[in-house]
């Protein structure tokens, strides 16, 4: 893989042994290389890619690392909101997928995608969705976005047939859109921890 993986991307590895520094015993029993891991936010002095492993139970999440050379496939959140992908998903009748389809009917001035359990289900066709599942949304924003357009997005998201939350990804981290619109500031999750900021598109030393 030549492109640098970004947080929330799903990546497949060339071998189970490519997953490094995993302590949780359930991973060896449940995870195999045919299943993707999700890129998370962290830093490593060995230039490895930080990833998370999803288990069968909701509480089963494990953090690990992989060498970029061992990644053989990558699916981004944006790839999962192609309308044809959504319409042909085996989970098309589930409320989170219906919600994603509804959002594709509008042309947004930014790239966006689906993460979380809905993204995992769309990418793998593994039935981890149910009627009460949330829809986790991601907006990629390298530059500040128009507030009125974001308010329109929030209005449409509030009308979806499921609970939905949006994170906005900036060059310096990610923040909850509803928090930022409501308070004028938000907790920015960065690779080195979280910080409260009103300017998530600006680096703070």
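Backbone N, Cα and C atoms are what each Cβ position is placed from, and that goes for glycine too.
Listed in Swiss-Prot for this protein:
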- 134: active site (ACT_SITE)
- 136: active site (ACT_SITE)
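Cβ neighbour count for residue 136 (active site): 21 (other Cβ atoms within 10 Å of its Cβ, all protein chains included). Sequence-distant neighbours of residue 134 (active site) (same chain, six or more apart, CB under 8 Å from its CB) are 96, 116, 117, 118, 162, 163, 164, 165, listed in sequence order.
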